[in-house]
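Single-structure report; data block below.
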Amino acid sequence: MTTDNLNSADTTVQTLRNVLTSETEPLARRFRALFSLKHLACLQPPTEKTLPAIQAIAAGFSSASALLKHELAYCLGQTRNTDALPFLLDVVQDTQEDSMCRHEAAEALGALGYESSLEVLKALRDNENEVDVVRETCDIAVDRILWEQSEARKAEKLKPSDFTSIDPAPPMPLTAKEPSIPDLEKTLLDTNLPLFERYRAMFGLRDLASPPDLPTAKQAVQSLAKGMKDPSALFRHEIAFVFGQLCHPASVPSLTETLSDLNEVGMVRHEAAEALGSLGDVEGVEDTLKKFLNDPEKVVRDSIIVALDMAEFEKNGEIEYALIPDSGNPAAVPAA
């Protein structure tokens, strides 16, 4: 690569980093910069932009926005790169940090799948004084890493997924008899089972709901919606995240009910808001989101801002929610 190209790479990442870390930039613009950096950080094989992009994402942890910081952690967990580990380990162990951010850092460590994270994750999982959402996430992350490294994993056959995300748990393994939606729903809703196993059912149902015109899609979405009544806030928030991935209109009533419930925890309501943002082309969704622009919870208010920006992006038919540094404007980039 020529010096000019290297300088261009440096300039691209630095421009995005400046937008991401600026507290005076609109939040929606900072999110678009983040997703551009995520694209660069997740490129396989890594390029000369990979490490600077990871460092740029991590620089955002100084932000006051819990919403932004939790999204930073998620993006680092998708990189498949050991360079993300120290930043995530710092966040998950910082008891002064917002629990939503710490949860996302734990989930990201599980997604990266490195055994070197197990000691920290197990200690947090087993700490009775730790907040539930962090303990539960560490429990799932430990199980995911152990599964990733196990001999049993090598023997499992997994159904190919439409989604490129590294999930907190894989879908249920394929067997001679493919699990039915009622079977998966039963596992999903069984609070006596380990969370990791229930998450596997969740992602199995997700994959039966995509694409939206799949014959099983609506029934799978309806099964997932029953999980929004689960006693675990972590579990409820993950269902909302899955709905955001699916963009299935059948999820709108459940998401709207969740966002509208002022007694629901902010972590769940914010995820419902962002999921609705991905359904912005569905009639009535934008009007619903606008009702919560002045919500008492900051994480919900921030999510509404981002969700409305995403809804506009959906209506405009753009390819990827991101920012192109050359123009400084929102534009399309290839999906990571």
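Numbering starts at 1 and runs along the chain as displayed.
Backbone N, Cα and C atoms are what each Cβ position is placed from, and that goes for glycine too.
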Note = Swiss-Prot feature region 'Disordered', matched against 136-157, 158-179, maps to 158-179
Note = Around the recorded Fe cation 2 site (His237, Glu238, His270, Glu271), other residues with Cβ within 8 Å of the Cβ centre, ordered by sequence, are Arg236, Ile239, Ala240, Phe241, Met267, Val268, Ala272, Glu274
Task = Kindly state the mean pLDDT of the repeat 'HEAT-like PBS-type 4' (268-295) in the predicted structure.
result = 96
Remark   = Counting only residues at least 6 beyond its ends, the same-chain positions whose CB falls under 8 A of a CB in the repeat 'HEAT-like PBS-type 3' (235-261) are 136, 163, 165, 168, 195, 198-199, 202-203, 206, 209-210, 212, 217-218, 221-222, 224-225, 227-229, 267-269, 271-279, 282, 284-285, 288-289, 292, 300
Task = Give the distance between the Cα atoms of Glu238 (Fe cation 2 binding site) and Glu104 (Fe cation 1 binding site), rounded to the nearest whole Å.
result = 11
Query = Hey, for the Fe cation 1 site built from His70, Glu71, His103, Glu104, who else sits with CB inside 8 A of the CB center?
reply = Lys69, Leu72, Ala73, Tyr74, Met100, Cys101, Ala105, Glu107, Ala108
